[in-house]
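S.K.: Just lifted these from TrEMBL, have a look:
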type: TRANSMEM; residues: 39-61; note: transmembrane segment
type: TRANSMEM; residues: 73-93; note: transmembrane segment
type: TRANSMEM; residues: 99-117; note: transmembrane segment
type: TRANSMEM; residues: 138-166; note: transmembrane segment
type: TRANSMEM; residues: 178-199; note: transmembrane segment
type: TRANSMEM; residues: 230-248; note: transmembrane segment
Amino acid sequence: MFDAALLFLAGIVGGMLNAVAGGGTFITFPALVFTGVPPVIANATTTVAALPGYLAAAIGFRHELRAGRDLPLVKLTLWTMLGGTVGCLLLLISSNAAFAALVPFLLLAATVIFYWAEPIRHHAARWRSAVAPFGLGTLLPVAIYGGYFNGGLGIVMLAVFAMWGMQDLHLMNGLKSWLSFALALIALAVFAIGGKIVWGPAAVMSAGTIIGGYAGAPVARRIPRRALRLLIAAVGFGMTAIFFWRLVNGA
């Protein structure tokens with residue numbers, strides 16, 4: 001009962017963070033691990049549990065996506081699903097021990113990317129003249145990363161969109177939400193076939209992410225964005241420290 005309550009609460013907070021600023025993985029993934037779910041299965045379940053929230057966000061940005069007439073949405077979706085499939089398959093062949101050893105470094109990288117998102121996005125925008133817009137070479141590696149580990153995916157996607165020359169942040173967020181949904185959808189299929197999803201915890205957490213996703217907008221209006229970013233980064237660095245401690249002590 002305690003585990004279910006913890007996962008539901010983690011889903012609410014994670015969904016809220018994803019809707020407001022990103023960083024939900026810093027809450028949902030550790031919650032699953034702390035309730036006894038093996039790291040590989042916890043990572044797969046976290047990605048799948050985020051699916052309803054991604055879809056809800058994409059629907060919320062549907063008008064912006066429709067207005068982006070020059071956006072090759074079908075092509076980008078297919079490339080994302082291709083890269084996501086590769087990343088998911090890489091996770092399937094990873095042992096729990098190997099993935100557990102990578103987790104602290106993945107969390108650290110995701111936290112750094114999240115905290116310095118604005119400088120990263122601005123720096124990426126400088127490369128727009130040297131990078132082909134909507135290119136496979138930039139999107140595919142990001143999708144592979146997202147299929148393997150979902151943390152920080154949205155921030156990396158926004159940086160890639162900036163490299164493509166996109167400037168409308170609402171359109172960029174809409175595209176990010178849609179491609180994240182497409183990736184989570186293919187992850188659902190691959191991880192389900194591979195037997196890497198714990199369905200009970202996934203259902204409980206998904207219910208929480210839906211509630212958190214809807215609650216995210218009013219919360220965003222009340223909390224200063226900088227304060228929220230600092231809070232999420234603190235959680236990310238804190239979780240990173242805990243997983244490094246677990247790695248060093250063999251916990």
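Counting starts with 1 at the first residue shown.
Cβ coordinates come from backbone N, Cα and C, glycine included.
Please treat TrEMBL annotations as automatic predictions, because they have not gone through curation.
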S.K.: Going along the chain, which residues at least six beyond the ends of the transmembrane segment (230-248) come within the CB cut-off of under 8 Å?
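M.R.: For the transmembrane segment (230-248), the sequence-distant neighbours (Cβ-Cβ under 8 Å, at least 6 residues beyond its ends) are 17, 21-23, 26-27, 30, 100-101, 103-104, 107-108, 110-111, 114-115.
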S.K.: Between the transmembrane segment (178-199) and the stretches 39-61, 73-93, 99-117, 138-166, work out which stretch tops the count of Cβ pairs under 8 Å.
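M.R.: Comparing 39-61, 73-93, 99-117, 138-166 against the transmembrane segment (178-199), the winner is 39-61.
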S.K.: By a Cβ-Cβ criterion of under 8 Å, what residues six or more beyond either terminus of the transmembrane segment (99-117) are in contact with it?
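M.R.: The answer is 22-23, 25-26, 29, 39-40, 43, 91, 149, 151-152, 155-156, 158-159, 229, 232-233, 236-237, 239-240, 243-244, 246-247.
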S.K.: For the transmembrane segment (73-93), find every same-chain residue at least 6 residues outside the stretch whose CB is under 8 Å from a CB in it, and list them.
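M.R.: Same-chain contacts beyond the flanks: 40, 43-44, 65, 99, 134, 136, 139-149, 175, 178-179, 182-183, 185-187, 190-191, 194, 196.
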